Structure formats: C-alpha cells, structure tokens
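**Student:** Here you go, one structure.
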Amino acid sequence: MNSIKVKIAYVRKDKAPKLPQYATPGAAGVDLQASLDQELTIEPGQIVKIPTGLAIELPHAGVGAFVFARSGLASKYGLALANGVGVIDSDYRGEILVAVINQGSEPFVVKDGDRIAQMVFLPVFIGEFYLADQLDETGRGCGGFGSTGVS
C-alpha cells in the first residue's frame, strides 16, 4: 500500500487532539470523527455541517483528499453526505467540516468522537484544456444515461 505524509493541525484548542485512524490495516479510508461540545440531533431531511476539529496540509497539488459517507451510517440510518463526495484541495487550510443529510425517517444523534465519514487520499490530474473543432468518434458516440444497458 502506498503512503503519503499529511500534516495535521488540530483547530480545537479547548480539546485534546485526536489523530484520524484507519479501522483496519487494509482500510482505504481513514475515519473522521465529530468534534462537538454537545450532542447534535439531525432531524429527517435536515442538512448540517459537522466539525472534525482537523485541518490538513497535503504534500503537493498532485494529491487530493476526498470525503465519503461511512457505509454503515448510510445503509442503517440514511445518513449521507449532502454534497455526495467532499473534495479537499491541496491548498485548503481550513477545518474539515462534513456536510451530512439525514435521509432516514428518524432523528439521528451525533456525539463527540463519533465516526461520521471517511477520508481517502487520491492522485489528482490537472486538465490542460484546448478548443477543438470536433471530438474523435467512438462506438458510444453521444449515448448518455442508460444507453449502454439498452439492446
């Protein structure tokens, strides 16, 4: 497994810092925990930004951090990321906030230290754009949504 050095700053000066941890040796995502002063109740349909208390510095622009929902929270309670996937750019230095939506039918309570999302580090390619008169032909062409599943 490849690794990178990620510098972390703990933005909560009133609490002891907690470094993110991988749940298992083969885990791709590191768990992010809620950093709360009190319990937070998320009502059905409500979107909230949950603080983690962490800010990171990625080693270079060729790496991005991506925040994903935790599968258990999504499948058991309907707790999903409000923006689908969170993207943390290499030049962002603010606190990592996790925007979640309760898509379930019951209120969901988040406590300090609860694992609320997972963060994965991935290579990032910067596009160099240029204008073309036309694009190369392919077998798929302009077929969009569901076009490859139709016979």
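Every residue gets a Cβ built from N, Cα and C, even glycine.
Found this in Swiss-Prot, in case it helps:
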- Arg70, Ser71, Gly72, Asn83, Val87, Ile88, Asp89: substrate binding site (BINDING)
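What's the neighbourhood like for each of these?
**Tutor:** Ser71 (substrate binding site) falls within a helical segment according to DSSP.
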**Student:** Mind computing the max CA-CA distance among Arg70, Ser71, Gly72, Asn83, Val87, Ile88, Asp89, which the record assigns to substrate binding, rounded to whole Å?
**Tutor:** 26
**Student:** How many neighbouring Cβ atoms, not counting its own, are there within 10 Å of the Cβ of Gly72 (substrate binding site)?
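**Tutor:** There are 10 of them.
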**Student:** In sequence order, which same-chain residues at least six apart have a C-beta under 8 angstroms from Val87 (substrate binding site)?
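**Tutor:** The list for Val87 (substrate binding site) reads Gly64, Ala65, Phe66, Val67, given in order along the sequence.
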**Student:** So how many other Cβ atoms are close to Arg70 (substrate binding site), meaning within 10 Å of its Cβ?
**Tutor:** 21
**Student:** Here are the binding-site residues: Ser71, Asn83. Which has the lowest count of other Cβ atoms within 10 Å?
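**Tutor:** Minimum Cβ neighbour count within 10 Å, taken over the binding-site residues Ser71, Asn83, occurs at Ser71.
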